[in-house]
Structure formats: C-alpha cells, structure tokens
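Data first, discussion second: the structure below is written as structure tokens.
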Amino acid sequence: MSRPKNQNYKGHGLQKGKEREQRASIRFKTTLMNTLMDVLRHRPGWVEVKDEGEWDFYWCDVSWLRENFDHTYMGEHVRISHFRNHYELTRKNYMVKNLKRFRKQLEREAGKLEAAKCDFFPKTFEMPCEYHLFVEEFRKNPGITWIMKPVARSQGKGIFLFRRLKDIMDWKKGTAGKKLTSLEAQPARNTVNPSGSHDTRSSDDQKDEIPVENYVAQRYIENPYLIGGRKFDLRVYVLVMSYIPLRAWLYRDGFARFSNTRFTLNSIDDQYVHLTNVAVQKTSPDYHPKKGCKWMLQRFRQYLASKHGPEAVETLFSDMDNIFIRSLQSVQKVIISDKHCFELYGYDILIDQDLKPWLLEVNASPSLTASSQEDYELKTCLLEDTLHIVDMEARLTGREKRVGGFDLMWNDGPVSREEGGPDLSGMGNFVTNTHLGCVNDRKEQLRQLFRSLQGQKKTPN
C-alpha cells in the first residue's frame with residue numbers, strides 16, 4: 001500500500017503474508033479520465049480508489065509526482081507510473097545535455113565510430129543560456145532554417161521557425177525569462193473518448209511546469225520524407241521497467257501523424273505545414289478526423305517496403321532501435337531507478353529523405369486520449385499489455401521475451417530475436433528482438449503465454 005510519510009506510519013504495505021493473500025483485489029488510482037480509466041476499470045480484480053484512499057497502483061500525472069513522491073511511503077508491492085526524475089529524458093534541454101554528454105563518453109571510451117551512433121538528434125542549443133554559442137553557429141551557416149521550442153510546453157505551443165538572426169534577437173528581448181502560467185503549461189481539457197468518457201488532463205502529452213521558460217533552438221530538418229507531399233512524424237512506445245539494470249520493451253504498434261497541408265519551405269510561419277501534433281492539426285480550417293491524419297505503423301512499414309524494398313526498411317527500423325537504446329543509456333546513470341517505478345515513454349521520430357531517423361523528443365506522459373476508433377483500440381491494447389508487464393498479479397516468470405504487443409529489446413544488454421542467439425550486438429548474425437510495425441497477433445500470444453504459465457504452476461518442481 002502507499003501512504004503519506006508524514007502520517008502515523010504503522011507498517012503499511014508490509015502486511016503479513018496471510019493477510020496479503022486474503023486481499024485478492026488490486027487497488028488502483030489515477031487522475032486521467034481517458035482510455036486508461038477504461039482499461040483499469042475493466043481489469044479483473046482491480047478496484048478504484050478515490051481521494052486519499054490507500055492504493056497499490058497509481059498511474060499519476062507528472063505534477064502529482066513532483067509534489068508528492070518524496071512524501072509518500074510505498075510498500076514492496078506498490079507501483080507508480082513515473083520515475084522520480086523522468087525529466088532527465090523528457091525535458092528537451094535535459095535530453096540534449098545528456099545525449100551530448102553520453103556521446104563524449106562513448107568517444108573517450110570506445111572511439112569516434114561508436115560515438116557516431118548518437119548522431120540522431122539535430123544540432124541544438126539551450127536558450128537563453130547558450131545564446132552566444134547559437135549566434136556563432138548561426139553565422140557560420142547563414143540561410144538555413146531553425147526551429148525554436150519551449151522545453152516544457154506541449155501541443156506545439158510556443159514553437160516557431162526562423163531564418164533571420166533578428167527574429168531570435170527580438171525573441172531574446174521579449175520572451176527570455178518569461179514565466180509560464182499554469183494555463184500555458186497544462187494540456188487542454190474536456191475532450192471526449194470514443195468510449196464517451198471525458199479526459200480532464202491528458203488530451204496531449206503532459207509536460208513539466210517550470211518557473212522560468214527556457215527554449216531550445218534546433219536546426220530544422222529541411223528535407224523530411226514526404227508521403228503525398230505531406231510531412232509526418234512517428235509516435236513509438238517504449239516501456240522501461242528498470243534503469244539499473246536497464247530493462248526496456250518496445251511496442252509493435254504506433255502511428256505516423258501527418259500534417260494537413262502539403263510541405264513547403266516557402267511558408268515557415270504556417271504551423272499546419274510544419275507541426276504534426278494532432279492538437280495543432282485539428283485547429284486547421286479544413287481538418288477532418290477521418291481524412292487520414294494518422295497511419296498505423298504496420299501500414300507505414302508496408303508502404304516503405306513497397307517503395308524502397310525490405311532491406312532498406314530493416315536498416316531504418318534498426319536505426320530507430322539504436323535511438324531508443326542510446327537515449328535510455330544516456331540517462332541510465334542519472335535517473336533514480338526506484339523499484340516501485342515504471343514508465344511508458346512516447347518517442348517522436350522524424351524520417352528524412354535519406355531514410356535517416358531523427359529523435360525529436362521523448363514524452364513522459366504520451367497522450368492516451370483517442371482521436372478515432374482505431375486509435376482507441378491501439379491505446380487500449382497498449383495499456384492492457386503495459387499492465388501485463390507491470391504484473392501486479394505476479395503471473396510472469398521474468399524470463400519472457402514477449403508479452404502481448406511488447407517485445408523485450410534490452411535486458412541489461414541486447415536481447416536476441418532468436419532463442420539461443422548471441423548476447424552481444426557485435427557478434428555474427430545478431431538480430432535485435434524488436435518487431436516495430438510488424439504483425440501484432442497479441443491476443444493469440446497472450447492466450448498461449450498465460451496458458452503456459454498456468455501449466456507451469458500446476459506442474460510440481
């Protein structure tokens with residue numbers, strides 16, 4: 001159980017074994033009234049706890065975590081949906097700092113070739129503290145396009161593109177050091193799921209609120225891969241159960257998010273051309289939710305294979321695997337790896353014309369609000385499989401390489417796709433145990449998995 005530390009603590013969460021066995025239900029709590037609530041309420045043996053009731057499982061928002069984590073006692077069995085300092089990866093400026101540091105570390109320890117595997121994020125400067133470094137870089141490469149992003153906002157708010165130094169000078173005079181209002185830092189409210197429930201918090205990815213607004217200035221990818229003349233990015237889901245040792249799962253499904261307007265560099269002020277966020281696109285005058293602003297990753301992978309062949313697609317998706325692992329390794333030593341914590345990250349990836357993937361950002365609270373029935377089904381399955389891996393029911397053995405739509409890609413080292421394969425990625429025909437954009441026969445896999453686990457329980461050792 002969990003309980004605030006400042007209350008009269010009498011061993012909550014450390015009940016005797018017999019008492020624990022008698023309590024069959026798992027008490028959950030969440031502040032998110034979206035697809036997640038639907039999944040939690042329909043999970044057998046799980047009961048909702050409201051207000052200050054004691055809980056075993058809490059899918060919280062990042063604001064609750066910041067205000068309460070350090071003051072809450074959690075028993076051995078309790079699980080919570082964020083790592084304490086998740087922002088080391090999910091704040092844009094911290095993510096870049098950690099990746100730059102990790103790249104330098106790799107260059108010292110393993111050489112430039114290994115360090116080059118971290119070259120998957122555009123040249124970036126934190127503003128205003130690296131303003132003079134940015135100006136120096138800007139003058140070396142005049143005429144290119146840059147994109148300015150606030151480090152702690154979501155839904156495309158505060159983002160703008162520029163090519164003139166005057167634009168950034170005006171920004172520095174008028175915006176640097178501006179304090180965020182609570183309204184600016186929080187997502188929109190009162191959206192509705194296909195299930196009919198209202199989402200009061202996460203209509204899009206939640207971000208940390210910070211007292212002073214910082215930005216990152218990032219070199220804009222001017223040659224994005226286009227489909228039908230439109231720009232898109234990919235949303236991919238990675239589940240981390242532990243940082244020490246690093247244990248990470250990759251979900252097979254995800255989606256491509258398209259802009260509503262054909263791409264051009266002639267109108268850098270048009271957000272409908274350059275920003276693919278659903279929150280931005282749905283404000284477009286000609287937006288229609290059924291027009292095709294999202295593709296499932298399986299469709300996207302098939303499209304690329306038909307255009308470029310399966311070998312090129314395998315290389316692209318292998319490069320994305322590298323992004324997931326290297327980014328997690330970059331924060332492995334700074335994230336507080338509390339055994340009570342897990343995290344479902346939403347990775348945003350951009351593909352350029354050379355089929356090179358670029359990491360745009362990592363979201364600590366990827367939107368769980370559905371924009372269509374297909375989106376609702378994806379997120380429902382994603383959350384169900386996340387709960388299977390968190391395993392509050394203690395059904396798994398810990399040796400599983402696949403659970404539903406999740407594949408174990410890293411377990412204190414790379415995981416081989418084939419049984420009996422080598423343990424080191426530099427050996428032989430090693431193929432990482434990932435299947436992003438492949439067939440997701442999760443229902444059949446779960447049926448076989450739990451039947452096998454049930455059989456193991458019945459068989460005496």
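Positions of Cβ are set from backbone N, Cα and C atoms, glycine also.
The annotation region 'Disordered' is assigned in Swiss-Prot to 1-21 (among others).
The domain 'TTL' annotation in Swiss-Prot covers 22-402.
For Lys149, Gln155, Gly156, Gln218, Arg219, Tyr220, Ile221, Lys231, Phe232, Asp233, Thr276, Asn277, the entry in Swiss-Prot reads ATP binding site, with the evidence type similarity to another entry. In the three-state DSSP classification, Lys149 (ATP binding site) falls within a strand.
Swiss-Prot lists Gln155 with the feature protein binding site, giving similarity to another entry as the kind of evidence.
The region 'Disordered' annotation in Swiss-Prot covers 182-208 (among others).
Under the heading compositional bias 'Polar residues', Swiss-Prot lists 188-197.
Residues or ranges marked as compositional bias 'Basic and acidic residues' in Swiss-Prot: 198-208.
If you look up Swiss-Prot, you'll see Arg257, Lys294, Lys379 marked as L-glutamate binding site. DSSP assigns Lys294 (L-glutamate binding site) to a strand in the three-state reduction.
Summarising the annotation, Swiss-Prot assigns Mg(2+) 1 binding site to Asp348, Glu361 and lists similarity to another entry as the type of evidence. All protein chains included, Asp348 (Mg(2+) 1 binding site) registers 19 other Cβ atoms within 10 Å of its own Cβ.
DSSP gives Asn363 (Mg(2+) 2 binding site) a strand state. Every protein chain shown contributes to the tally, and the Cβ of Asn363 (Mg(2+) 2 binding site) ends up with 21 other Cβ atoms within 10 Å. What Swiss-Prot records for Glu361, Asn363 is Mg(2+) 2 binding site, and it gives similarity to another entry as the kind of evidence.
Note on Lys149 (ATP binding site): other Cβ atoms within 10 Å of its Cβ, all shown chains, come to 21.
Rounded to a whole number, the C-alpha distance linking Arg257 (L-glutamate binding site) with Asp348 (Mg(2+) 1 binding site) is 10 angstrom.
Of all the binding-site residues in the record (Lys294, Asp348, Glu361, Asn363, Lys379), the one with the smallest CA separation from Arg219 (ATP binding site) is Glu361.
Among the binding-site residues Lys149, Ile221, Phe232, Asp348, Glu361, Asn363, the ones whose Cα sits within 10 Å of the Cα of Lys294 (L-glutamate binding site) are Phe232.
DSSP gives Phe232 (ATP binding site) a strand state. Just so you know, the Cβ of Glu361 (Mg(2+) 1 binding site) picks up 23 other Cβ atoms within 10 Å once every protein chain is counted.
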